[in-house]
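Q: Per TrEMBL, transmembrane segment is recorded for 249-271, 308-338, 344-363, 384-407, 413-437, 469-485, 505-529, 541-560, 572-600.
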Amino acid sequence: MSSSCTYILIRSFCQSSSRVPIMAQFLLQVLLALTFWIGSGSSGPTRYKAGDHVPFFVNKVGPLHNPSETYQYYDLPFCPPDSVIEKQETLGEVLNGDRLMSSLYDLKFKEDKTNAVLCHKRLTSSEVARFRETIAQDFYFQMYYDDLPLWGFVGKVERDYSGHGGEENAKYYLFSHLNFNVLYNAADEVIAIQSLSDPSYMVDISDNAEIDVRFTYSVSWNLTSERSETRMDKYSQASLHPISKKIHYFSFLNSISVVVLVVGLLSLLFMRHLKNELRSSSNGDEEEKREVGWKLIQSDVFRCPPNVSLLCAFLGTGAQFLILIVALFALAFTGFLYPYNRGLLLTSLVIVYTLTSVVAGYTSASFHNHFEGTKQKRSVRLTGILYTVPFLIIVSILNTVAITYGATAALPFGTVVVIILIYTLLNIPFLMFGGVLGNRFGLSEFQPPSAIKRNPREIPTQNWYRRKLYQMFLGGLVPFSAVALEWHQLYASLWGFKIHTSPGIMLFTFIVLILLSASVGIILTYIQLSGEDHEWWWRSIWCGGFAAIFMFGYGVLFYLRSDMTGFLQLSFYLGYTALLCYALFLVLGTISFLASWMFIRHIYRSVKLE
């Protein structure tokens, strides 16, 4: 049964059922549509016959060290067809900066070619200067053949410093010939393709003058025993070379060491010190009881914090991103997400973010009902703008910069409209629906174990190790130190040409980050309460989320040590790194708060029982 037929049947079922609320019907239909959309995003290799046309698209060009600075292929004066046909792209492909177009290359299945002429072209002096400028910046090109990516360089520079006075004498050469090596298997499927620039076909464009260029290409086909299921594996092997393995090994040992240390301290806290304090309380020794600071503030520790609506919105957004990350890991482990599947990661990100808006609305409304019991709508509204507004502001600025440079990262007007419609017609209804569910079926109103005083207790002067900035610094440093090596690999994958494709290692790193954020949050909260400081709510969030501040700071250091240059690349790097770290700040802050909340409820409930 086709997906469209299935969708129609289920839609009819929803319309005929009087028990299903109207909003639930709408959201279910949208969920089904998105599910079929994402399911049709990936396709396997196609079987061909000898002489069949195989889809070949040129994509983009850009400087090697600036991954965000890419331009359309025909922005350079290559050989375009008489009528350039743009491939219909998905939302994820557009967001990824892909702009696939038709070309004059004709690589028919199993047909070898030698020195096939692509075109004869007379380059003007301005076009020669354009080529020379791109070659000086190490411009590469990207193409797709049967959905397999291939790359090559536009040309090369030969620098000679043997001239008079040691001055540089540079020669610029344009590659005018490409050798395509294609592998196919016994099932007549394309398995691999590689493009090599032939150094014997170079055109000297050092002089600023018109020149005739003959662009040619050759194609060779070879049989392989490799199966089509593994044809994308070679793009993953870059992360499995010995140096990368050694880095992962040291990162694993470093993470385990930090986890053992922190969990050991946490166990010592519970098993010895905290247990002795609870025992002293049960013995009724008032003098010993007076020495324990955290017991003296049991009438203030559950006092509702300031800006409780913002706090609940924070928890809702953090829970949404946590579920989103888990969902992306699940898709990666199933093999659905893999390197260079054009735009599929971003498409999945948009869809999963939309669906998890239910989680955000439910969590924020549920916790608001738990803490205060009224005004849940304000928390849900704040949840809808807490991440979205900064995201839209930064993306709008970056899009303006990309338009100014004419880069493919600039979003077309139609894509901007689609994004606005997705947020308005899908995200907001899902968020509201989650808020309704959280209000009706969420957490009940919390009953503190002891009565809350009308006036809060005065907080005494704190020692240096109990002050907010020190605790925030320590709360961020410990988790970040455990994942710093893997974080470097992630930056190299996002902003370089290394491929970080081991979801197992990334999942392990994420779990370590969660465990350490929760453990450090509990320890720092206990230290704060021991100093009779009952304002722990927001501090637990800042202490847990501060690891993301370290991650952003390391991102700045990574940029300074990289070869990335230019205002466009700098703005995109800082903008998207800030958005990534902000999302992690929300996740880790939420985890730290929830761990501290459960810890506080446990110890004060134990005091009441004893």
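In case you wondered, yes, glycine gets a Cβ from its N, Cα and C as well.
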Q: Thinking of Cβ pairs under 8 Å, which stretch from 308-338, 384-407, 541-560, 572-600 has the most of them with the transmembrane segment (505-529)?
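A: Per the Cβ under 8 Å count, 572-600.
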Q: Please give the sequence-distant neighbours of the transmembrane segment (469-485): residues at least 6 beyond its ends with Cβ less than 8 Å from one of its Cβ atoms.
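A: Residues 247, 250-251, 254-255, 258-259, 262, 509, 512-513, 516-517, 520-521, 524, 527-528, 539, 542-551, 554, 588, 592.
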Q: Same-chain Cβ contacts of the transmembrane segment (572-600) under 8 Å, 6 or more residues past its ends?
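A: Distal contacts: 68-69, 301-302, 314-315, 317-319, 321-322, 325, 386-387, 390-391, 394-395, 397-398, 401-402, 409, 475, 479, 495, 513-514, 517-522, 525-526, 529, 536-537, 540-549, 551-552, 555-556, 559, 564.
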